[in-house]
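Peer 1: Attaching a single structure in structure tokens format; questions to follow.
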Amino acid sequence: MADKKKRKRSKDDQPEDLPFKSILESDDVILKVLKSYISSALTTAAGGNGASSSSSSKPLTLADLSLSSSCREVADLPRSSVQTAIETVIVQIARSILAGDGFSFSVPSRAASNQLYVPELDRIVLKDKSTIRPFASVSSVRKTTITTRILSLIHQLCLKDIHVTKRDLFYTDVKLFQDQTQSDAVLDDVSCMLGCTRSSLNVIASEKGVVVGRLIFSDNEDMIDCTKMGIGGKAIPPNIDRVGDMQSDAMFILLVEKDAAYMRLAEDRFYNRFPCIIVTAKGQPDVATRLFLRKMKMELKLPVLALVDSDPYGLKILSVYGCGSKNMSYDSANLTTPDIKWLGVRPSDLDKYKIPEQCRLPMTEQDIKTGKDMLEEDFVKKNPGWVEELNLMVKTKQKAEIQALSSFGFQYLTEVYLPLKLQQQDWL
């Protein structure tokens, strides 16, 4: 990797009044701890995969499981296959109209009742139930019209072999769509109907996520060195197909919820002290960042540690990266990153690190309800540590943002909190 300058630090480099400074080891000691953990994790993973057959090393899929409910998953399809699938749907509609039966779409249901958490895969998948969307119905005529329009636009994109943003798609017929959330929702429906990933439709979201640190990759054949992207980092390409040739000497990937914490880490060059790749979607995870994170994890074989706010929504964001969202459960196989560790900020950290009361926030009734609802989720119940932390949060009715650590100094996050977390391997 380029620019491998590392700032050597000792205990004496830290201000004396920082909480926990006295038990913080030197960077060299912490790096040895990390190397030991990574070596052990890789050995365990290799043992878990088994060496008896080549097929045993393949990731587990839905097809390998005998589930009581049949489930639906999509796949990356070439442009020609998407075009053919749309033409097949339109021919079926034409035949139905000519037969005097009108027309309707059979659309996979993405309702909460049609979602299933699969513990063996540790992700949410979509069951196989569908709903009928008839044109000759007052309640569904408009949505059926939008569906037909979206199919037509996607077909044009396939013919021209070009990509557009979701915003571009919306502005092709503002009067019909009325609001972008409506065209976005039907776009997901169309993806389910055709059995392809959303990226296969040649429709992408605007750039949102950024990455900085010990990573080199090609973007449309241009080599990008993320140690030379400044504090702002490199915008994550909206089209994952143009990303390749990933190289890294990092020890882990640090997934950060918010832009403010990301900026602190980038400005302090945290990735040079502790070789890592820092990535954020600046809040709610977008598709491009989720795809990019999974690609890094699978290709570089690095552990992923997550830094989120100590509130129900921070854990919700973490769960979207790890287990998938219910809205896009049909594509969870491509969008989820397995085995993400919850590094912080956890509810137990508030007392452990003596976060001042004035930096803690009272949870609203909606916060408490969201926390209790999450305790009922199967993917939370599977992890006793998550259950314990969520119960503590609901009991104390307190939450805190990552920035609460700034009460000890603006650089406390990078100078003490994260190094100590790494030193103690304090993650769930």
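Any Cβ shown, glycine's included, is placed from N, Cα and C.
Pasting the relevant annotations from TrEMBL:
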| type | residues | note |
| --- | --- | --- |
| DOMAIN | 142-203 | domain 'Spo11/DNA topoisomerase VI subunit A N-terminal' |
| ACT_SITE | Tyr171 | active site, nucleophile |
| ACT_SITE | Tyr171 | active site, O-(5'-phospho-DNA)-tyrosine intermediate |
| DOMAIN | 252-422 | domain 'Topoisomerase 6 subunit A/Spo11 TOPRIM' |
| BINDING | Glu257, Asp309 | Mg(2+) binding site |
Peer 1: For a quick check of packing: other C-beta atoms within 10 Å of the C-beta of Tyr171 (active site, nucleophile), how many?
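Peer 2: Total other Cβ atoms inside 10 Å, all chains included: 12.
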Peer 1: Would you mind listing, in sequence order, the residues at least six apart from Glu257 (Mg(2+) binding site) in the same chain with a Cβ closer than 8 Å to its Cβ?
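Peer 2: When sequence neighbours closer than 6 are ignored, Glu257 (Mg(2+) binding site) has Thr280, Gly283, Ala306, Leu307, Val308, Asp309, Gly314, Ile317, Leu318, Ile402 within Cβ distance under 8 Å.
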Peer 1: With every protein chain in view, how many other Cβ atoms are within 10 Å of the Cβ of Asp309 (Mg(2+) binding site)?
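Peer 2: Taking every protein chain into account, the count is 22.
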Peer 1: Express the predicted model's confidence over the domain 'Topoisomerase 6 subunit A/Spo11 TOPRIM' (252-422) as a mean pLDDT, rounded to an integer.
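Peer 2: Mean pLDDT for the domain 'Topoisomerase 6 subunit A/Spo11 TOPRIM' (252-422): 94.
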